[in-house]
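Structure provided below as structure tokens; questions to follow.
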Amino acid sequence: MTTTVAVVGATGRMGQLISQIVEASDEFELVASLDSKGELSDMLGADIAVDVTLPAVSQGVVEYAVAHGMNVLVGTSGWTGERITELERRITGNLAVGVVIIPNFSVGSVLATSFAQMAARFYDSIEIVEAHGASKIDSPSGTAVRTAELMSQARGSRGPVQAPHTDQRARGQQVASIPVHSLRMQGVVAKQDVVFGGNGEVLTISHDTLAPSAYEAGILLALRATRTARGVVVGLDRLIDMDGSRERATQTAPTGAASGPVDDGGPSGQAATVTSA
């Protein structure tokens, strides 16, 4: 049985990509395509809604869907920790709906953010440089915001990072005390560098999205999770086996137990590097 999908923001790049993936899948059926200014009532009747609109529009789309008992997959930037906490309060007690918020559908990007979160405990000088195509309106990106927030959480008692001269505009926007610098230019799909400065060394965790195909696996994974989600789920990392515990559980299962498919291929359309100088 297929799951019907309504895409809000279907005319944008991500909306077009998600629509193509849905139409090509045997698991899902596209039943409504709305632009960011479309009538939200047009998505009613679908099993799940996908919001890939604009930061100023996204919250209204999600609230409308939740109010009508629809699960929502959110791929729009601008969902800060404060907005997510507010959303969690709104749907507390409503066990019938779920909202899955994915700042970045790229598996490589999620891994790079996880590596940065690990490194944040060991360095006090940290900055983020992110780049996207010239058509991306908002800045900093949702990925950069989530990376900064997760690194800040990981630092715990170490407190805020060292960020001198942040009163100067060229020093970037501070997110969770971490300076973030945003580039918007032609020829770029998506790129993020997290730079850590230490005593006599610099560590850079870098991820480049080279083609939209980098998002396909993550989009399908998120769509599947949205079907049965309850409450608020944030990040692709919540949906994949980040620490290998699920795989180990499968390997130790009794003989004859069913195991999931194994993909030995690396993610397409992306490149990740960790460098230390």
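Keep in mind that glycine also has a Cβ here, set from the backbone N, Cα and C atoms.
Taken from Swiss-Prot, the feature active site, proton donor/acceptor covers HIS132. Residues or ranges marked as active site, proton donor in Swiss-Prot: LYS136. The NAD(+) binding site annotation in Swiss-Prot covers GLY9, ALA10, THR11, GLY12, ARG13, MET14, GLY75, THR76, SER77. Annotation comment: Swiss-Prot describes LYS37 as NADP(+) binding site. Per Swiss-Prot, (S)-2,3,4,5-tetrahydrodipicolinate binding site is recorded for GLY142, THR143, and the stated evidence type is sequence analysis. Residues or ranges marked as region 'Disordered' in Swiss-Prot: 245-277.
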List, in sequence order, those recorded positions among GLY9, GLY75, SER77, LYS136, GLY142 whose Cα sits within 10 Å of the Cα of LYS37 (NADP(+) binding site).
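Of everything listed, what lies within 10 Å of LYS37 (NADP(+) binding site) (Cα to Cα) is GLY9.
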Out of ARG13, LYS37, LYS136, which has the highest number of nearby Cβ atoms, where nearby means within 10 Å of its Cβ, if these are the recorded positions?
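Neighbour-count leader: LYS136.
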Can you grab the distance from ARG13 (NAD(+) binding site) over to LYS136 (active site, proton donor)? Cα atoms, rounded to a whole Å.
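ARG13 (NAD(+) binding site) and LYS136 (active site, proton donor) have their Cα atoms 10 Å apart.
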List every residue in the same chain as GLY75 (NAD(+) binding site), at least 6 positions away in sequence, whose Cβ is under 8 Å from its Cβ.
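Residues satisfying the criterion: MET14, ILE18, VAL50, ASP51, VAL52, ILE102, PHE105, ALA222.
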Relative to the Cα of GLY142 ((S)-2,3,4,5-tetrahydrodipicolinate binding site), which of the recorded positions GLY9, SER77, HIS132 have a Cα no more than 10 Å away?
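So the list is SER77.
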Roughly how many Å separate the Cα of THR11 (NAD(+) binding site) from that of the residue listed as 'active site, proton donor', to the nearest whole number?
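On Cα coordinates alone, these residues lie 14 Å apart.
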Which whole number of Å gives the largest C-alpha distance between any two of GLY9, ALA10, THR11, GLY12, ARG13, MET14, GLY75, THR76, SER77, the residues noted as binding NAD(+)?
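This binding site's residues have a maximal Cα-Cα distance of 16 Å.
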Other than its own, how many Cβ atoms are within 10 Å of the Cβ belonging to THR143 ((S)-2,3,4,5-tetrahydrodipicolinate binding site)?
24
